[in-house]
Amino acid sequence: MSALLSESDLNDFISPALACVKPTQVSGGKKDNVNMNGEYEVSTEPDQLEKVSITLSDCLACSGCITSSEEILLSSQSHSVFLKNWGKLSQQQDKFLVVSVSPQCRLSLAQYYGLTLEAADLCLMNFFQKHFQCKYMVGTEMGRIISISKTVEKIIAHKKQKENTGADRKPLLSAVCPGFLIYTEKTKPQLVPMLLNVKSPQQITGSLIRATFESLAIARESFYHLSLMPCFDKKLEASRPESLDDGIDCVITPREIVTMLQELNLDFKSFLTEDTSLYGRLSPPGWDPRVHWASNLGGTCGGYAYQYVTAVQRLHPGSQMIVLEGRNSDIVEYRLLHDDRIIAAASELSGFRNIQNLVRKLTSGSGSERKRNITALRKRRTGPKANSREMAAATAATADPYHSDYIEVNACPGACMNGGGLLNGEQNSLKRKQLVQTLNKRHGEELAMVDPLTLGPKLEEAAARPLSLEYVFAPVKQAVEKDLVSVGSTW
């Protein structure tokens with residue numbers, strides 16, 4: 001090896017630039033309002049936003065934020081690669097196909113093709129069974145249940161430790177959104193210690209599938225696992241070094257499903273069937289279709305924040321949960337009150353602009369602990385039977401995610417139901433938002449709901465082998481502190 005070439009030269013990380021590498025010309029739009037603290041003011045919801053050509057995936061998955069080697073990984077996770085690889089593997093008698101699909105993808109396909117969720121599920125199962133000889137097809141709820149259960153367990157333990165030691169009260173941050181995880185590791189490594197180390201439903205589902213087959217003496221090489229996910233960053237998640245043992249071979253999105261059908265000259269609706277026995281016949285041994293095809297309360301991204309507060313509420317009979325909306329629709333706080341005290345709080349926060357403010361709050365020191373106005377809450381409390389929204393209105397308070405115990409962060413505005421890989425082709429921002437609202441409504445109406453807090457420990461205990469539940473974070477040291485407001489102003 002040449003003396004001029006060292007091991008350190010092999011790191012091909014491309015440091016993010018202050019200016020976006022994919023700029024756009026904006027004319028006639030309103031300027032962003034930045035207050036005296038350097039925070040974006042997003043207190044109002046515009047009636048209609050201008051059409052834009054830069055998406056979140058441009059920001060989080062371009063060469064400004066990922067390495068060139070990761071770009072290769074993205075290209076290796078596509079429907080074309082799946083068709084090529086499975087075309088070869090399917091010729092081997094000892095190989096079989098397993099498909100896992102997230103609830104967001106199922107709802108997106110149902111909405112796109114104008115079908116009920118059940119009809120779309122059966123159509124998708126029938127398509128993969130008949131065209132690719134798929135042996136098993138599962139929903140990702142079992143993986144999500146375990147992910148939620150471990151998350152809640154860790155938040156509660158962390159909070160007890162902080163109360164006993166008087167440690168810093170900054171919130172824990174979720175790591176289940178790969179877009180936010182990548183962004184944090186490579187631009188804000190000082191936030192990495194705040195990340196709660198629990199894998200996403202995608203990866204835990206893969207680990208569960210592998211454990212199931214190992215218990216049946218089926219070698220890892222005998223099956224090919226295709227995962228259908230709502231965003232392209234899920235491809236990078238499956239390619240993380242610690243994720244390779246989870247047994248996911250390829251990740252594609254609903255957009256790629258539609259493209260694949262077009263390339264195969266197939267009509268999705270031609271696979272319509274009323275054979276509901278597919279739910280059971282395509283479930284692996286020990287997998288209850290009433291569970292893995294279900295969902296849970298708390299939101300379409302998993303409901304981690306809601307489920308944590310619910311878990312604490314069960315430990316404190318008589319406590320009341322209130323739901324507080326933030327400055328914009330992408331911020332929500334679940335606050336638990338008991339004897340006029342806030343005993344637990346968790347928030348949902350989505351979108352790059354809200355993430356900018358979150359990072360600024362948590363890194364500038366302005367996110368230090370402050371006393372909440374409990375007196376105001378005490379005076380304005382309604383009766384114990386008031387529902388969450390009535391209580392939120394009565395307190396006249398605004399969500400304060402920066403002082404929560406835990407923040408469920410999602411990179412996409414509108415969260416996972418607005419993932420870049422979904423079939424939400426509306427360019428008009430208002431119509432796109434309306435589509436997300438429609439999908440969220442369908443999620444609550446068409447999916448059966450299960451209790452992850454009860455089922456989580458049981459599923460983990462029933463697993464045939466210990467599951468891989470944690471990431472190995474890889475923060476990148478930054479030579480120069482990035483000015484997030486400057487970055488945002490180029491959008």
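Note: Cβ is positioned from N, Cα and C throughout, glycine not excepted.
The [4Fe-4S] cluster 1 binding site feature in Swiss-Prot is assigned to CYS20, CYS59, CYS62, CYS65; the stated evidence is a curator's inference.
Counting every protein chain shown, the Cβ of CYS177 ([4Fe-4S] cluster 2 binding site) has 29 other Cβ atoms within 10 Å. The [4Fe-4S] cluster 2 binding site annotation in Swiss-Prot covers CYS177, CYS231, CYS412, CYS416 and is backed by a curator's inference.
Excluding CYS177, CYS231, CYS412, CYS416 themselves, the residues of that chain whose CB lies within 8 A of the CB mean position for the [4Fe-4S] cluster 2 site are, in sequence, PRO178, GLY179, PRO230, ASP233, CYS301, ASN410, ALA411, ALA415, ASN418, GLY419, GLY420. Take the CB of CYS231 ([4Fe-4S] cluster 2 binding site) and look out to 10 A: across all protein chains shown you find 28 other CB atoms. CYS412 ([4Fe-4S] cluster 2 binding site) is surrounded by 27 other CB atoms, counting those within 10 A of its CB over all protein chains shown.
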